[in-house]
Amino acid sequence: ILNVAVEGALWRLRGTDGKAPSMIGWWPAKAVTFVDNHDTGSTQHMWPFPSDRVMQGYAYILTHPRTPCIFYDHFFDWGPKEEIDRLVSVRTRHGIHNESKLQIIEADADLYLAEIDGKVIVKLGPRYDVGNLIPGGFEGAAHGNDYAVWEKI
């Protein structure tokens, strides 16, 4: 779902019940998430994540409840190691875990915005103006191509 969502269908990241879709919404404590792996992704070309949106994928999986996995090739070969490190640091600093509370604030074609444990807010998508959706008391922690993460100060 995530690999389709980042290509202009970010509304897919909110199910009809308001939670994250599929297993990640039903039972996040047991869900393991990844952007690509050696069987499906960039090396096999079976169903690769859009290469220009890989960091949006990591911004999502590393800030959301569940158990995220980082693909070796992305971390060591592709070059976004520092961006991934920043996102891992946010996750660690705020104690995000597989049972953290997720509140999806907005999910449209060009904007996904969610708050995790009341401590972290993540934005995906090309929409720059998020209006009043980011409450006071948050500051930027990480950002890149079509994603941003804020943390409570």
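Cβ atoms are placed via backbone N, Cα and C, with glycine included.
As recorded in Swiss-Prot, the features of this protein are as follows:
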- Lys19, Gly25, Trp26, Trp27, His38, Gln44, Lys123, Trp150: substrate binding site (BINDING)
- Asp39: site 'Transition state stabilizer' (SITE)
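Following the DSSP three-state reduction, the secondary structure of Gly25 (substrate binding site) is helix.
Residues near Trp26 (substrate binding site) in space but far in sequence (CB under 8 A, at least 6 apart, same chain), listed by position: Lys19. Sequence-distant contacts of Gly25 (substrate binding site), defined as residues of its own chain at least six apart whose C-beta falls under 8 angstroms from its C-beta, comprise Gly15, Asp17, Lys19. Of all the binding-site residues listed here (Trp27, Lys123, Trp150), Trp27 has the Cα closest to the Cα of Asp39 (site 'Transition state stabilizer'). The binding-site residues listed here are Trp27, Trp150; among them, Trp150 has the most other Cβ atoms within 10 Å of its own Cβ.
Cβ contacts within 10 Å of Asp39 (site 'Transition state stabilizer'), excluding its own Cβ and spanning all protein chains shown: 9. The number of other CB atoms found within 10 A of the CB of His38 (substrate binding site), across every protein chain shown, is 11. Of all the binding-site residues listed here (Lys19, Lys123), it is Lys19 whose C-beta has the fewest other C-beta atoms within 10 angstroms.
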